[in-house]
Amino acid sequence: MDYNMDYAPHEVISQQGERFVDKYVDRKILKNKKSLLVIISLSVLSVVGFVLFYFTPNSRKSDLFKNSSVENNNDDYIINSLLKSPNGKKFIVSKIDEALSFYDSKKNDINKYNEGNNNNNADFKGLSLFKENTPSNNFIHNKDYFINFFDNKFLMNNAEHINQFYMFIKTNNKQYNSPNEMKERFQVFLQNAHKVNMHNNNKNSLYKKELNRFADLTYHEFKNKYLSLRSSKPLKNSKYLLDQMNYEEVIKKYKGNENFDHAAYDWRLHSGVTPVKDQKNCGSCWAFSSIGSVESQYAIRKNKLITLSEQELVDCSFKNYGCNGGLINNAFEDMIELGGICTDDDYPYVSDAPNLCNIDRCTEKYGIKNYLSVPDNKLKEALRFLGPISISVAVSDDFAFYKEGIFDGECGDQLNHAVMLVGFGMKEIVNPLTKKGEKHYYYIIKNSWGQQWGERGFINIETDESGLMRKCGLGTDAFIPLIE
């Protein structure tokens, strides 16, 4: 990757001098080293002032760590004030550009160092945040040494990331309890930013990443908090489950002798998918997956657009574990035994707040008669004729930072997340090597991480025309609720 500058370092100095010195002063004064020192000092002091304002814990600014979403916020004014000077911006950009050029020049040496040491337990294998090429600076061993918001060199090398982190805090209403916690989160943020940037510079990938609300979490933290699907066990004695032996009978009822196009079908275009929701800080993906497919059945079979209560399942599905995870099939089992589910208006979602089961909150409930296990080689057929499917998938940190495109990244090492399969499609993409168009098939997945994640809450995962390619174990567990 090449980082090009539109100007040379000496041009920055000249332009800054012309801005700060009166136009009537003799031109020889512009070359004086004292002027250069003043300019640099002003830039450094501005950035240091920004950091002092944001990262010094005191009584007036303690709200930053406990509540960063203050309505009457002067943060934008401070950021704009610091960045409105063309001289200050050019100076900082030149420093960042210089640092990035250094990073690229050292990349190969660092990779060789990593391979030679084969140290899989390092906190972070990557390039130093500083510019000295010393072994102690090639890796982050001591975050307190590297993350120093009062170090001018650190600020100059990371001004862009610091501003990016500030915007991340504000956009996602992040709350940190102390400056030390903020430093730790900033370190994780930098590591995730590095991964995202490296991926997005790979022209051979079919998808793009972005820093989202998970950017200050390690993958281990993210997995423990959001990937809560439990290992599935066959329900041999279930009186509600129609197993794969019953599949042909059910599909014949809805399909008949009709053939279908294996290239594309999207239930979102046929009023069969309700809006994307957000499970927030609760490991309740199993509830959102199962409730979502029930909502789709009522939309398709009854022409009713309803929003049902995931919270009732979280509170009352005793075969599952609330915010600590669960199983899709257990959700359907309990849904039937509860006699149906209230609407979200009657039983609203409160995420991880403690809530006792209260099945009497509503008089009208929406239930299912039974549910069907879908063979993993019949996903496209079942999706086309029966409707959206509640499925399992093995999620990784690549998946977590998905932005757009067809996901062809790394998968998790086990099934850990419940989502909905709502469609499939095909897109022709030009191969950057052959310069020829190639057909790429994908499944359309509805997630439960809000509409700000991915493609408005959805992700496209690569497959083949037949749908037999099931990346990330997609559809290993696959169930459709039946209301007729």
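In case you wondered, yes, glycine gets a Cβ from its N, Cα and C as well.
These features come from Swiss-Prot:
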ACT_SITE  Cys285  active site
ACT_SITE  His417  active site
ACT_SITE  Asn447  active site
DISULFID  Cys282-Cys323  disulfide bond
DISULFID  Cys316-Cys357  disulfide bond
DISULFID  Cys342-Cys362  disulfide bond
DISULFID  Cys411-Cys472  disulfide bond
CARBOHYD  Asn67  N-linked glycosylation site
MOTIF     16-25  motif 'Bipartite vacuolar targeting signal 1'
MOTIF     84-105  motif 'Bipartite vacuolar targeting signal 2'
TOPO_DOM  1-35  topological domain 'Cytoplasmic'
TOPO_DOM  57-484  topological domain 'Lumenal'
TRANSMEM  36-56  transmembrane segment
Neighbour-count leader, CB within 10 A, recorded positions: Cys285, Cys357: Cys285
Largest tally of Cβ atoms lying within 10 Å of a Cβ, found at which of the disulfide-bonded residues Cys316, Cys411: Cys316
Local confidence of the topological domain 'Cytoplasmic' (1-35) - pLDDT mean: 43
Three-state secondary structure, which DSSP defines for Asn447 (active site): coil
Recorded positions near Asn447 (active site) (Cα-Cα within 10 Å), from Cys282, Cys285, Cys357, Cys362, Cys472: Cys285
Cys316 (disulfide bond) - helix vs strand vs coil (DSSP): helix
Neighbours of His417 (active site) among the recorded positions Cys282, Cys285, Cys357, Cys411 (Cα to Cα, within 10 Å): Cys285
In the chain carrying Cys282 (disulfide bond), residues 6 or more apart in sequence that have Cβ under 8 angstroms from it: Val314, Gly322, Cys323, Ser351, Asp352
From Cys285, Cys342, Cys411, Cys472, the recorded positions whose CA lies within 10 Å of that of Cys357 (disulfide bond): none
Fewest other C-beta atoms within 10 angstroms, as judged across Cys323, Cys472, which are the disulfide-bonded residues: Cys323
Reduced DSSP assignment, Cys282 (disulfide bond): coil
Listed disulfide-bonded residues (Cys342, Cys362), ranked by Cβ neighbours within 10 Å, top entry: Cys342
Pairwise CA distance, Cys472 (disulfide bond) versus Cys285 (active site), rounded so that it is a whole Å: 17
DSSP state at Cys411 (disulfide bond), helix/strand/coil: coil
Neighbouring C-beta atoms (10 Å sphere around the C-beta of His417 (active site)): 26
